Amino acid sequence: MPLESSLCGEVAASSAAPRVPRGKRGGQQALHCAVCEKEFRFKSVLQVHFRVHTGEKPFECTFCGKKFSHSGNLKSHVRTHTGEKPFESTVCQEKFTGSGILRQHLRTHTGEKPFECTVCKKSFTASWSLRDHLRTHTGDKPFECAVCTKKFTAGGVLRKHLRTHTGEKPFECAVCKKRFTEGGDLRKHLRTHTGEKPFECTECQRSFTSSGNLRTHLRTHTGEKPFECTVCKKSFNRSGALRTHLLTHTGHKPFKCTVCKKNFALSGNLKKHLRTHVIG
C-alpha cells in the first residue's frame with residue numbers, strides 16, 4: 001500500500017523498527033508509537049496499532065469484500081453473515097456476535113458510562129458513541145446519502161436513513177411477521193410478545209422493555225429535562241413531549257375528527273372529543 005504522507009512514512013519506518021524503549025513496565029521494556037506516543041508491551045500489538053495511522057486493512061470479508069485492520073474485527077463481522085452469536089448476556093440472555101459488543105451491552109444494565117465528552121461532560125457506554133457524539137460539537141458530517149445528499153455524523157445513522165428511500169425492512173418478527181428497519185427495534189418489539197422487561201430502575205424497581213424507556217423514566221427521579229423549546233424555552237424530559245408542545249406554537253393540527261372534521265393538535269384531545277360523539 002503506497003504511503004503518501006510523511007506521517008505514514010514515519011509509521012512505515014517505525015513498524016520495521018519500533019521506537020526505542022523509554023522504560024520498563026512489568027519487568028519488560030515499554031514500546032511507544034512514534035506517531036501518538038501510545039505505550040505497548042509487545043511489538044506485535046504495536047505493529048497492529050500502526051494500522052490506525054496508515055489506514056491499512058489487510059483482512060477482507062469473503063462474503064461482502066469489507067476490509068478490517070484486525071483479524072478479530074473480521075471474525076465478529078463474518079458472524080453478521082453466518083448469524084452466529086456466541087456471546088450471551090448473563091442478565092437478559094440477549095446474544096451478540098462479538099465480545100466487545102457484549103461488554104458494551106452489559107453497561108446498559110450496570111449504568112456504567114466510561115467514555116466522557118471533554119466538551120459537555122456527557123458520558124457514553126461505547127467509545128464509538130462518544131466519537132459520533134463529538135461530531136455534534138465539531139459539525140463534522142462525513143457520511144453522505146447518495147440519494148438526497150443529506151449528511152450524517154455516523155455511518156449507522158446513514159444506513160438507517162437509506163432505508164427511508166428503499167423502503168427496506170430486513171428485520172422480521174417471527175411471531176407476528178411485522179417488519180422493522182433496525183435490529184434493535186425488532187428486539188424491543190419481541191418483548192411485547194414475551195413480556196420480558198430486563199431493564200430495571202434502581203430507584204423504584206419498575207422494569208422496562210428497553211434501555212431508552214428506562215433512561216426516560218429515570219428523569220422522573222432526577223428531574224432532568226434535556227429537551228428545550230427554542231421558542232419559549234420550556235423544557236421537557238422526553239423528545240416526544242417537546243414535539244407535541246411545538247404544535248402549540250406552529251398551530252399545526254394533524255389529528256382530524258372523522259365525524260365532524262374538526263382538527264386537533266394532540267391525539268389525546270382528539271380521543272376526548274370523539275367521546276362527545278359517542279355520548280351524543
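Here the Cβ of each residue, glycine as well, is placed from N, Cα and C on the backbone.
TrEMBL does not curate its annotations; it predicts them automatically.
If you check TrEMBL, you get these features:
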- 31-58: domain 'C2H2-type' (DOMAIN)
- 59-86: domain 'C2H2-type' (DOMAIN)
- 87-114: domain 'C2H2-type' (DOMAIN)
- 115-142: domain 'C2H2-type' (DOMAIN)
- 143-170: domain 'C2H2-type' (DOMAIN)
- 171-198: domain 'C2H2-type' (DOMAIN)
- 199-226: domain 'C2H2-type' (DOMAIN)
- 227-254: domain 'C2H2-type' (DOMAIN)
- 255-277: domain 'C2H2-type' (DOMAIN)
Count the Cβ pairs between the domain 'C2H2-type' (171-198) and the domain 'C2H2-type' (59-86) that lie under 8 angstroms and are 6 or more residues apart in sequence, then report whether there are at least 3. no
Please compute the mean pLDDT of the model over the domain 'C2H2-type' (143-170). 87
Using a cut-off of under 8 Å between C-beta atoms, tell me which stretch among 59-86, 87-114, 143-170, 255-277 contacts the domain 'C2H2-type' (199-226) the most. 87-114
Tertiary contacts of the domain 'C2H2-type' (227-254) (same chain, 6+ residues out, Cβ under 8 Å): 216, 219-220, 263-266
Determine how many residues of the domain 'C2H2-type' (255-277) DSSP places in helix, in strand and in coil. 11 helix, 4 strand, 8 coil
